[in-house]
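Peer 1: Dropping the structure in here first, questions after.
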Amino acid sequence: MMNERAAAVIVAGGSGRRMGFDKLAAKIGDVSVLERSIAAFEAAETIGRIVVVVSAANEETVQSWIADGRFSKLELAVRGGAERFDSVGNGIAALGEDFAGVIAVHDGARPLVCPQSIDETVNAAATTGAAVLAKPVADTLKRVDANGSVVESVPRDGMWAMETPQCARADWMRQAVAAARSADSSAAITDEVTALQHAGRPVTVVRSVSPNLKITFPGDIELAERLV
């Protein structure tokens, strides 16, 4: 397929407060978390353009990568917003209103996503309109109350854990993100799949078969180092 068919919006505006330092700048081997995330989309055949949504902490670094041509597909670094969908909206706007391909939104804190999985998810979205990389839930699920006590079991049949990238044709993604930004219930819309569902768009699941963990806590860095 043509490599201009899709564009990536990599969301890297988080503060990393739960880790006590910038998780996106943390190194896995000799390469930062964010750099690995960008490199995966650089290697994906379906991706023609990359925009990174940055924070004040990492903006200078990403701008330097653009200036030195480290990634040929990396076009722009734009500032994030107050909430997730403000950041995603800023990244989508940076692509321009005339972009009509697939938009792939990815969490910059998922550095192990493989290019093949990106391509499979983009191709599925190009065919069906929207698609997400996900894994079926294997663990036993329990509902727990505010006191930390187990209340009941939750059947895991048909339950999938959503990952990223989350992809959709550009017009669908723009509409869904714009609605999420203005919705009174936006706090309950935690990802693009939910926003697309609220907009009445069907989303296809693409099974994730490779490690694609989200770096959230210090121990995740050590785990990622063992997986690369």
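From the backbone N, Cα and C atoms, a Cβ is placed for every residue, glycine too.
On a predicted model such as this, the values are computed, not experimentally measured, just so you know.
If you look up TrEMBL, you'll see Arg18, Lys23 marked as site 'Transition state stabilizer'. Residues or ranges marked as site 'Positions MEP for the nucleophilic attack' by TrEMBL: Arg156, Lys214.
Can you tell me where each of these features sits in the structure?
Peer 2: In this structure, Lys23 (site 'Transition state stabilizer') belongs to neither helix nor strand by DSSP; it is coil.
Sequence-distant contacts of Arg156 (site 'Positions MEP for the nucleophilic attack'), defined by Cβ-Cβ distance under 8 angstroms and a gap of at least six in the same chain, are Val137, Ala138, Asp139, Thr140, Leu141. DSSP assigns Arg156 (site 'Positions MEP for the nucleophilic attack') to coil in the three-state reduction, placing it in neither a helix nor a strand.
Annotation note: Lys214 (site 'Positions MEP for the nucleophilic attack') sits in a coil segment as assigned by DSSP.
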Peer 1: If one measures from the C-alpha of Lys23 (site 'Transition state stabilizer') to the C-alpha of Lys214 (site 'Positions MEP for the nucleophilic attack'), what distance in angstrom results, rounded to a whole number?
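Peer 2: That comes out at 10 Å between the alpha carbons.
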Peer 1: In this structure, which of the recorded sites Lys23, Lys214 has the fewest other Cβ atoms within 10 Å of its Cβ?
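Peer 2: Looking at the recorded sites Lys23, Lys214, the Cβ with the fewest others within 10 Å is that of Lys214.
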